[in-house]
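As given in TrEMBL:
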type     : residues : note
TRANSMEM : 145-165  : transmembrane segment
TRANSMEM : 177-195  : transmembrane segment
TRANSMEM : 207-225  : transmembrane segment
TRANSMEM : 255-276  : transmembrane segment
TRANSMEM : 283-304  : transmembrane segment
TRANSMEM : 341-359  : transmembrane segment
TRANSMEM : 412-433  : transmembrane segment
TRANSMEM : 439-462  : transmembrane segment
TRANSMEM : 469-497  : transmembrane segment
DOMAIN   : 525-648  : domain 'STAS'
Amino acid sequence: MGLSSVEAIDAKEMDYRSLSSSEHQQPPYMHKVGVPPKQNLFDEFKTTVKETLFSDDPLRPFKDQPRSRKFILGLQAVFPILDWGKSYNVSKFRGDVIAGLTIASLCIPQDIGYAKLANLAPQYGLYSSFVPPLVYSFMGSSRDIAIGPVAVVSLLLGSLLSSEIDPTTNPIEYRRLAFTATFFAGITQATLGILRLGFLIDFLSHAAIVGFMGGAAITIALQQLKGFLGIKKFTKETDIISVMKSVCRSAQHGWNWPTILIGAIFLTLLLFAKYAGKKNKKLFWIPAIAPLISVILSTFLVYITDAEKQGVEIVRHIEKGINPPSVKEIYFTGDYLLKGLRIGIVAGMIALTEAVAIGRSFAAKKDYQLDGNKEMVALGTMNVVGSMTSCYVTTGSFSRSAVNYMAGCQTAVSNIVMSIVVVLTLLFITPLFEYTPNAILSAIIISAVIGLVDYEATILIWKIDKFDFVACMGAFFGVVFASVEIGLIIAVSISFAKILLQVTRPRTALLGKIPRTNVYRNIQQYPEATQVPGVLIVRVDSAIYFSNSNYMRERILRWLTDEDEQLESVNQPKIQFLIVDMSPVTDIDTSGIHAFEELHRSLHKREVQLVLSNPGRVVIDKLHASDFMSQIGEDKIFLTVGDAVLTCSAKSPAEVV
């Protein structure tokens, strides 16, 4: 009978030990670390730029194509509808029509409410669900995203704009600044896409976004207390303390009970509809049409009861007709130009982050690729065109996109159908909204933003990463207790702080040998791993740059000191070899090499030899260029930690355990 697997492993282990401990046996062949051929500066620069900006190889379809074909491919790259439109059929159109009608029933009441959130007249919300979705339908690459005003961006825009111009006393200048901010939001988004700088939006971490969105949802809901309770004198601040003070002060004489009754009844109806839709996915259409049904019923109720005479605030007049041109209203000169630019950049980045996140989520569900840079160009173009047609900043709406997806949308044609319904509303139906109570709009917004408070994601963030949880809570409390701008600043600051912390304090590990193998792993992760007598093995889990090189050197020397003190206390020989596993080290700069030179000198004084294991192509190339290899010796560079230990243990009296 043959040896069992355990016996075979034991035999192999014994062979390995006898091989490593015997000085008379022939050592096994060891591969040397390869030195890559020198690459000229231009090729290296070209490779770096390509990987940074063109990692998706966007020009690949154009390769070896005739000029006419390249022209067609270029048009399809700018207008994806020309590509997928070739395979469009009646079946897809049926799904898009149903989805378009469904999201139109949801967007019309939401648009009126969101416009008030941005301190604009109701028709501007409807305008913003007509032109931008049409532009996106031709240029966007997402099949599921539904375009229009959203609560968070509307609140952010309203907050930033009102800090510059009072919308009540100067409505015309306020509206012009809104169009200016929308123009520059579009320019910002399109520029990021054209220059392929979409990776910049990834610097706002998922945890920070969850906290920011949750805080914004609470703030938006608190702002709706004015319409929900029928309060006429309400604070312009957005923090929770100011809002609650304003609500309490108006409790005796400022609340309107008929308004509260209307708001409470229809908010209950909307929440029940949302619960029913979440409980049974086939009933998705119930929460989708519930807002429009609520608007119709509440408007009819106010009309027949003359509730406005009892103090119930109503929408009153909504301008009829499609979007008027607004190019001449944009500030291209003067003091408001820079203010519009600043507000536009902030609003544009937040809108972009939300849209790309939504688009990626639904693309993953349907298993298709979403080109982030094309999305940015499409979103930017639609906002630039929107700013010239009386629209304010629009982006992808999560609630509408979810309804669009559930309704069975097939392509971006659902946005076209929605736009047609909105324009018909603007042309013929807007007078019917005159008696719509503000309370129902507040109820619709409150029910819509509740979903933005993602407590499940927050709990998961706490379980996974405590620093991420700090970022999440920092953004949340910043929005709730200060302002949307402060919350945004906190979110960005904590995200950058996390990056800096990870860059300046990379993870390092002590390695030990896994029993019965020639594998070396982190002794904290694998307690059974044993350290090699006379040898200290350290792994650096990061590129070594100027920002962390000193920390890396000091951390290794501190480990060496601790290890020597521990060995001395038990009368064991000190460390003779320090092996640095450089497998995870993707790059090193001059500061990093200088740190290794200092480490080498410090070790030499302690009579400890420095050994390197498996440096990568870029690292070994730079080590050779700096002449560091000649300082420590070519024989101190090994392909694996096992090879390094085998050689070092053969040179020392200690044996590998």
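Placed from the backbone N, Cα and C atoms, the Cβ positions cover glycine too.
For the transmembrane segment (177-195), the list of distant contacts is 53, 118, 120, 124, 157, 160-161, 164-165, 201, 326, 329-331, 336-337, 339-341, 343-345, 347-349, 351-352, 372-388, 390-393: same-chain residues at least six beyond its ends, Cβ to Cβ under 8 Å. Long-range contacts of the transmembrane segment (283-304) within the same chain, counting only residues at least 6 positions beyond its ends with a Cβ under 8 Å from a Cβ of the stretch, are 102-103, 105-106, 108-110, 262, 266, 269-270, 273-274, 276-277, 312, 314, 403, 406-407, 432-433, 435-437, 439-440, 443-444, 447-448. Residue counts for the domain 'STAS' (525-648) under DSSP, helix first, then strand, then coil, are 62 helix, 21 strand, 41 coil. With pairs at least 6 apart in sequence, the transmembrane segment (469-497) and the transmembrane segment (439-462) have 3 or more Cβ pairs within the 8 Å limit; the two touch. As a quick check, the transmembrane segment (412-433) and the transmembrane segment (145-165) clear the bar of 3 or more Cβ pairs under 8 A, pairs 6 or more apart, so the two touch.
Using a Cβ-Cβ cut-off under 8 Å and counting only residues 6 or more beyond its ends in the same chain, the transmembrane segment (145-165) has close neighbours at 103, 107, 110-111, 114-115, 117-120, 125, 128-129, 132-133, 136, 173-174, 177-178, 181, 212-213, 216-217, 219-220, 223, 236, 238, 336, 339, 343, 346-347, 350-351, 354-355, 358-359, 362, 382, 392-398, 400-401, 403-404, 412, 414-415, 418, 445, 448-449, 452, 483-485, 488.
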